[in-house]
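S.K.: My questions all concern the structure below.
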């Protein structure tokens, strides 16, 4: 009985799908204003990034830097700028594409700033609040793929004065000699942006604009931003994009992260949740009110729950983060997950492969046109059970190195992080009005 039940919970993974595609997919969304999303290095890309993409090892090493910064932020009990959502009466959707080609492991969207609008490709991040782009004149800017934003070319641009409420609401504002509000944001990996806090028109789609959008005009920027033109924060503070858009589109947002470089995703301010979405409570913590927390209470492998008490997950807490690549689990939970996964995979005698950075359970599928892997499901408080897509179970660097896409925190006391690999292909709904987070399968289609 156990064996047959296990066999029911098997996928067929087409190994060929990990290779480069020769066709270009278009974005699929029920939202009429959704824009097509493509991977920068995929066949849909109109151009290639200078310097090429980072290696898988580099992506995972940078991912660990981000995880370390989240752990420090939580353990230090320091209120730094990080997360919030927003939803809507009528929906607005933006293209979301893998940011790997921009030297980051995050996802990017294209937006317009100024009048007339100039297009910029920016990382979007649920772990940040302030949005910013690099601006002219720039004292110290990194190389990016587009021209810098030039305030002199926009008829709707204005600087935020030091006595404005928006300036007071920043974490660490300062004032320039000409009464302009100055911002400074230092990220966990020591990347940094400094500049003027400004207002201008944000163009989401040709028919959707946000006049007076407050963002940072960075003139001193450094770090691991790749060639992205800046960063847009989806956090829970008042300066975040969802918070600023809430009065027009409602308190909530959703996104679907594409499964591959040839697939499409979206970021949507507003719009109804998909009918198949399963919801769990959105949790707020007073020490880090900007993060989106939820309660992970269990994991299933091949349909069977791993033998870990819910308290192991709940005691440290779990944050959902669009910028972390690999989900981090308490050591006890990860050890049981790995054991169950390895045991299931052992039935098929796949060759083991070397570890890849933080990923210690890897397989070599060379010579197999198809492989079978056990399903993995995440169980959240309230009963929501999210059956991961195979792209959320395996991190495939190459056919000869496909790794279990989870990692250990190294202890049971550090906070768990639900990373973007496990969020792929789901419509992830941040329903702020009802304080819940939802997951809808096949969200990008």
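Placement of Cβ uses the backbone N, Cα and C atoms for every residue, glycine included.
Feature annotation from TrEMBL assigns signal peptide to 1-17. The annotation domain 'Peptidase A1' is assigned in TrEMBL to 107-440. What TrEMBL records for 125, 321 is active site.
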S.K.: Write down the Cα-Cα distance for residue 321 (active site) and residue 125 (active site), rounded and given in Å.
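M.R.: That separation, Cα to Cα, works out to 8 Å.
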S.K.: Taking the Cβ of residue 321 (active site) as the reference point, list residues of the same chain whose Cβ is under 8 angstroms away and which are at least six residues distant in sequence.
M.R.: 66, 70, 126, 127, 291, 292, 417, 418, 419, 420
S.K.: Taking the Cβ of residue 125 (active site) as centre, how many other Cβ atoms lie within 10 Å?
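M.R.: So the number of other Cβ atoms within 10 Å of residue 125 (active site) is 25.
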